[in-house]
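J.: Below is one structure. I have some questions about it.
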Amino acid sequence: MCVRTVSNGGGEAERPRPDENPPIVALPKEEIKLTGCPMQAVKNGLTKAKEKYMKLHDEMLEKDAEMSKRLEAEAHLAQDAETDLVARSSRTYKKVVRMARDRINDWQDSKIYKILFCTAQPAHVITIAAVLCVTSALLPSSNGQSYGSTTAGQPRSRLTSFVYLASFVMHFGSQIWMTFVSGLSLYFALPRHTFGEVQRVLFPRYFTLNACLSLTTLLIYVKHHPAHSWDAEIAVQVISMGGAFFLELLIRLYLTPPLLRLIDVKTSLERAAGVGAEIGRHDPGPLKHCPHYLKIHAAFRKIHVTIAMGNMLTMACTVLHLHYIASKICVL
């Protein structure tokens with residue numbers, strides 16, 4: 001540092017003035033070691049532990065998945081061994097049903113189907129065959145007994161008695177259900193057109209089933225009661241069961257087909273006019289002034305009433321035979 005002395009009158013020395021621009025002096029460098037934050041160190045440790053345990057957890061999951069796949073494969077093998085027969089049976093059944101459906105569709109386009117189901121000749125043939133069957137069971141043969149009948153002292157087969165009783169019970173039960181339960185319940189619960197569609201499906205099956213059951217009951221009863229052993233009581237039972245069978249057969253063959261055709265025509269006219277959705281009643285609406293509709297409706301009512309009367313007569317015959325069976329029961 002340079003100091004200049006200036007004399008000032010009184011001999012007093014002037015104070016030294018610092019240099020306005022002192023030189024820059026470099027300080028010694030010191031190595032500064034930065035130590036990490038304690039929280040950061042803990043955080044890093046937790047992250048490493050987390051990664052480690054996640055890796056272990058993933059390995060455990062992979063092992064469990066492999067074990068599950070192995071067990072599932074073994075279970076599938078065992079199940080396939082047990083259900084292979086069922087699977088093959090199901091596939092075979094589907095194939096048979098599909099083939100049968102295709103054959104039926106092809107048959108419906110043939111002339112034989114049209115002759116059998118679109119003409120009246122098959123109904124005549126079935127009626128003649130039924131008459132011959134019942135007649136052969138009733139009329140005695142050359143030895144004085146009906147064909148297939150049993151002698152008075154011969155023990156009766158339990159299977160035959162079971163079939164006889166089962167056919168009669170099913171016949172009577174179907175009559176009660178169709179007449180008093182199903183018909184009335186559906187009529188007062190469904191729209192009229194929906195009820196008509198249901199009856200359109202049930203009518204043919206109902207009378208076909210009842211005719212078959214009546215014939216079964218009649219033939220077995222006649223087999224156990226030959227014609228030479230008839231008295232007035234047995235004759236009444238044979239006449240009642242035979243009458244029920246022929247009534248149901250005639251209704252099925254000659255009255256049900258025209259009734260179904262009238263239902264189709266009547267329903268198509270009502271749908272075009274926007275009526276038929278009422279429940280428990282008949283409201284023709286604007287069709288009450290249509291002569292064509294009134295004519296079809298009158299024909300429908302005529303056939304329907306005839307079928308209903310025939311059904312009630314067959315039910316009366318069934319109740320008569322039920323009374324006869326009740327009088328012969330010895331187990332009560």
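Including glycine, each Cβ sits where the backbone N, Cα and C put it.
Relevant sequence annotations retrieved from TrEMBL are reproduced here:
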- 1-24: region 'Disordered' (REGION)
- 123-142: transmembrane segment (TRANSMEM)
- 162-190: transmembrane segment (TRANSMEM)
- 167-262: domain 'TMEM205-like' (DOMAIN)
- 202-222: transmembrane segment (TRANSMEM)
- 234-255: transmembrane segment (TRANSMEM)
- 303-326: transmembrane segment (TRANSMEM)
J.: For the transmembrane segment (162-190), give me same-chain residues lying six or more residues beyond its boundaries with a C-beta closer than 8 angstroms to one of its C-beta atoms, as numbers and ranges.
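T.: Contacts with the transmembrane segment (162-190): 198-199, 202, 206, 209-210, 213-214, 216-217, 220-221, 224, 279-280, 311-312, 314-315, 318-319, 321-322, 325.
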J.: Where else in the chain does the transmembrane segment (202-222) make close Cβ contacts, counting only residues six or more beyond its ends and a cut-off under 8 Å?
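T.: Counting only partners 6 or more residues beyond its ends, the transmembrane segment (202-222) has Cβ contacts under 8 Å with 130, 133-134, 137-138, 146, 149, 160, 163-164, 167-168, 170-171, 174-175, 178, 182, 237-238, 241-242, 244-245, 248-249, 251-252, 256, 259-260, 307, 314, 321.
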J.: So which residues does the transmembrane segment (234-255) touch in its own chain, when a touch means Cβ under 8 Å and the partner is 6 or more beyond its ends?
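T.: Sequence-remote neighbours of the transmembrane segment (234-255) are 120, 123, 126-127, 130, 134, 138, 204, 207-208, 210-211, 214-215, 217-218, 221-222, 225, 303, 306-307, 310-311, 313-314, 317-318, 320-321, 324.
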J.: What mean pLDDT score does the domain 'TMEM205-like' (167-262) have in the model?
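T.: Mean model confidence (pLDDT) across the domain 'TMEM205-like' (167-262) is 91.
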J.: Which numbers of helix, strand and coil residues does DSSP report for the domain 'TMEM205-like' (167-262)?
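T.: Helix, strand, coil within the domain 'TMEM205-like' (167-262): 88 helix, 1 strand, 7 coil.
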